[in-house]
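What TrEMBL lists as active site, proton donor/acceptor is ASP144. The Mg(2+) binding site annotation in TrEMBL covers ASN10, GLU382. Annotation source TrEMBL lists ATP binding site at LYS17, HIS204, LEU205, GLY206, ASN207, GLY208, ASP280, MET281, ARG282, GLY328, ILE329, GLY330, GLU331, ASN332. Taken from TrEMBL, the feature substrate binding site covers ARG87. Feature annotation from TrEMBL assigns site 'Transition state stabilizer' to HIS176, ARG237.
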Amino acid sequence: MTDRLVLVINCGSSSLKFALRSESEQKPLLSGLAERLGTADGVMNWKAGDIREHVAITDGKHSTAMASLLPLIERFAHRPLTAVGHRVVHGGEHFTGASLIDDEVLAAIEDSAPLAPLHNPAQLTGISEARQVFTDIPHIAIFDTAFHQSMPPHAYRYALPEALYSQHGVRRYGFHGTSHRFVSTQASLLMGLEPGHGAWLTAHLGNGCSTCAVLDGKSLDTSMGMTPLEGLVMGTRSGDVDPNLHSHLARTLGWDLERIDNMLNRESGLLGLSEGLSNDMRTLVAARAEGHAGASLAVEVFCYRLARSLAGLAVALPRIDGVIFTGGIGENSPLVRELTVRHLALFGLAIDPAANATPPGNPARQIQAGNSPAILVIPTDEERQITEECLALLDLAATQPVEQEA
Ligand code: AMP
């Protein structure tokens with residue numbers, strides 16, 4: 001069988017991220033990011049092996065950025081694409097896995113748009129542009145929420161009037177599903193368990209952060225909720241706050257919903273706690289070492305709340321085969337891992353300091369001490385997961401009998 005190729009696309013309102021992945025190779029053949037779309041300064045930076053170049057997207061159109069992918073793919077792929085995989089943030093309750101895009105799937109993505117107003121409309125644009133450029137091959141949607149559709153009602157329901165759930169979809173959905181699925185699958189390989197098996201607590205810590213309890217390849221609970229604001233402290237997002245905060249700020253300061261929304265999503269988290277110093281964990285770790293009180297507090301709150309979330313999610317599992325750290329912070333910050341695990345001594349978890357120090361290349365590894373349950377650092381690779389899910393869907397479709405017309 002030929003080494004199949006998938007183009008992975010993640011379309012934002014002003015950006016288009018892409019990666020060309022082959023079935024057999026660990027690294028992308030080509031990857032890049034078009035930014036500042038919607039302005040006259042649109043630009044697409046890309047790299048393939050050692051080659052790095054950029055293309056101006058002067059009309060700022062998503063369609064122009066998408067069309068400029070075609071010659072690049074011809075140059076580096078040397079064979080036809082098998083499929084295009086589209087990352088879509090919100091699939092509501094419609095999707096439990098990868099889905100071949102057709103009119104029904106497009107309508108369902110649109111139906112979920114009120115739950116992700118910043119993401120789903122942009123991703124629909126990306127799908128439509130891509131279908132015009134890459135014709136005659138399957139386009140497949142992969143949803144951040146799909147992995148968490150296995151959560152039981154006691155984990156996904158809010159204690160709110162029932163009609164808000166049944167008529168308006170108000171429930172916990174969870175996000176970062178592609179990453180939680182990828183690292184928990186890798187963990188079973190790393191620990192020599194049956195593929196896809198094991199009871200894991202995963203922590204995806206990047207600009208957005210979430211935890212997940214995974215049992216034998218199924219998400220049983222996760223820290224994010226109806227939107228990606230719930231749960232952990234993040235770069236600029238508050239995570240959990242008292243739900244009465246909204247009415248308190250409206251009554252006492254006269255803030256309107258937009259202002260509160262903006263504050264919770266863009267001015268809070270590490271940025272807010274560090275007195276506006278930074279949303280970047282690297283800057284905060286360096287400032288903490290120099291005695292910056294705000295940076296110190298931000299790091300402490302981040303790690304404590306993360307540990308509290310992991311401890312809470314443990315109740316979803318029958319045992320703990322391992323705790324997994326991933327994402328930019330999870331993979332690269334020994335300090336965050338150390339401070340977090342210190343709060344989890346109750347579970348017998350302890351870190352080996354030498355193993356915790358970040359080696360060059362940051363490969364997947366175990367960092368627990370002595371008799372501690374496994375603590376794993378596993379670099380995430382969402383594009384690889386998307387590629388694998390696309391190809392698995394095509395393989396499944398190829399083995400299913402064609403439906404006979406009545
Ligand atoms: P991601 O969204 O997964 O790319 O993660 C981005 C975040 O990773 C940034 O906000 C940084 O705070 C964090 N990060 C990257 N490298 C390091 C590092 N060496 N130490 C601490 N945090 C890091």
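Keep in mind that glycine also has a Cβ here, set from the backbone N, Cα and C atoms.
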Is any of HIS176, LEU205, ARG237, ASP280 (recorded positions) within Cβ reach of ligand 1, i.e. under 6 A, and which? ASP280
According to DSSP, does ARG87 (substrate binding site) fall in a helix, a strand, or coil? strand
For HIS176 (site 'Transition state stabilizer') and ARG282 (ATP binding site), what Cα-Cα distance in Å is obtained after rounding to a whole number? 22
ASN207 (ATP binding site): nearby recorded positions from ASN10, ARG87, ASP144, GLU382, Cα cut-off 10 Å: none
Can you tell me which of the binding-site residues ARG87, ASP280, ARG282 is spatially closest to the residue listed as 'active site, proton donor/acceptor'? Compare CA atoms only. ARG87
Select the closest residue to LYS17 (ATP binding site) from the following binding-site residues, measuring between CA atoms: ASN10, ARG87, GLU382. ASN10
10 Å Cβ neighbour count around ARG237 (site 'Transition state stabilizer')? 26
Using a 10 Å cut-off, grab the number of neighbouring Cβ atoms around the Cβ of GLU382 (Mg(2+) binding site), all chains included. 21
Could you tell me which of these recorded positions, HIS176, ARG282, has the fewest other Cβ atoms within 10 Å of its Cβ? ARG282
Looking only at LEU205, ILE329, which of these binding-site residues has the biggest number of Cβ atoms within 10 Å around its Cβ? LEU205
Please name which of the recorded positions listed here, LEU205, ARG237, ILE329, GLU331, is nearest in space to ASN10 (Mg(2+) binding site), Cα against Cα. LEU205
For GLU382 (Mg(2+) binding site), the closest of the recorded positions by C-alpha position, picking from ARG87, LEU205, ARG237, ARG282, GLU331, is ARG87
Go through ASP144, ASP280, GLU331, the listed recorded positions, and name the one with the sparsest Cβ surroundings, counting other Cβ atoms within 10 Å. ASP280
